[in-house]
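Each remark here refers to the structure printed beneath this line.
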Amino acid sequence: MAARQQQKGTGFGVQYEDFVPKSEWKDQPEATILNIDLTGFAKEQMKVTYVHSSKMIRVTGERPLANRKWNRFNEVFTVPQNCLVDKIHGSFKKNVLTITMPKETITKVAYLPETSRTEAAALEKAAKLEEKRLLEESRRKEKEEEEAKQMKKQLLEEKEALIRKLQEEAKAKEEAEMRKLQEEAKANEEAAAKKLQEEIEAKEKLEERKLEERRLEERKLEDMKLAEEAKLKKIQERKSVDESGEKEKILKPEVVYTKSGHVATPKPESGSGLKSGFGGVGEVVKSAEEKLGNLVEKEKKMGKGIMEKIRRKEITSEEKKLMMNVGVAALVIFALGAYVSYTFCSSSSSSSSSSPSSSSSSTKPE
C-alpha cells in the first residue's frame, strides 16, 4: 500500500504531515500476522490500541521534523474473526511493526481443497475492503473533528479578541475620565489658590490702608499737640512780657515837686494801694497759671495715653472727640487768662499814669 502525505497547519504555527504507512497481511496456520513499515519512527513514538466495540486495531504515531513540522499517521485494521483477542501481541524490529493475532482453531492450508483456498482469498479481500472502508470513515471523522476543533478554536480566539478590545476601550475610557477629573481638580485647586492669594493681597492692602490712616491720624494729633504747645508757649511769653512791664511800672518812682524844688518819693498810702491792686491781679494771673498748668499736665498725660493707644491700635472715636474737646478747652482757658491778665495790667497802668499828673498839679510851686 503506497504512502500518501497531506500537510495540515494549526494556529500555533506547527505543521503536520499525514501519511499512510505500507502494511502487509500474512496468514499462517497458527496466527494472522500484520507487518507495518514505520521507517524513521521510534518505538516510543507509536501506539497500538485494540478497540473492543468494533474489533479493530488502531495504530497511531508522530515524530518531529525540521522547521516546526511533524510527521504523523493514524491507521485502523480489522481483526479477523477466528482470532484470540486476549493473545494479540506485537513487536518492533528493523523499522517494522509486527502484530501477531493467534487463531482460535489451527488450520492446515496444505490439506484444504482449492475451493477453501479461494474462499479464504475472497474473505481476505473482503476483509481488506472493509478495512479500507473503515479507515476512510475513520479519517473522515478525524477530519470533521479537526475542523470542528479548528472552528471552536477560531471562535474562542474571536471571543478573546472581542473581550480584549472591550477591555482596552473600557480602560481608555476610564483613563480619559480619570484625566478629566485630574484636570478639573487641578483647575479647582488653581482657582482656589488664586482666590486665596487675591484675598490675602486685598487683606494686606486693607491693612496697609488702615496703617496709613492711623499714621495720618497720629501725624495730625502730633501736629495738633505741637500747635497747642506753640500757642501755650506764645501765650506764656506774652504773659511774661506783660508781667515784666507791669513790674517796671510798679517799681518806677514818682516825682513830686515841692516848694523847695526837691523831688520826693510817693506817699506810702498811694503806693500801698497800687501795690495791693497789682497784688490782686497777680493772684488772678497766678490762679489762672496754676489752672492752666494743671490742664496742660492733664493734657500731656492724656496725650501720652492716647499716643500709647494709637501705637497699640486701640484708640476709639470717642477718645478722638475727647482729645479735640480738651484742645479747644485749653485754648479757651489760655485766651481767657491772657485777656484777664491784659485787662488788669491795662487798668493798673492807666491808674498809675493818672496819679503823678494829679500830684504834680497840686504840688506845683507858687
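Glycine too: its Cβ is placed from the backbone N, Cα and C atoms.
Copied over from Swiss-Prot:
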| type | residues | note |
| --- | --- | --- |
| REPEAT | 135-139 | repeat 'A-2' |
| REPEAT | 178-191 | repeat 'B-2' |
| TRANSMEM | 322-342 | transmembrane segment |
| REGION | 345-366 | region 'Disordered' |
Quick check on the repeat 'B-2' (178-191): DSSP residue counts for helix, strand, coil, in that order please.
14 helix, 0 strand, 0 coil
Mind tallying the repeat 'A-2' (135-139) by DSSP state, helix then strand then coil?
5 helix, 0 strand, 0 coil
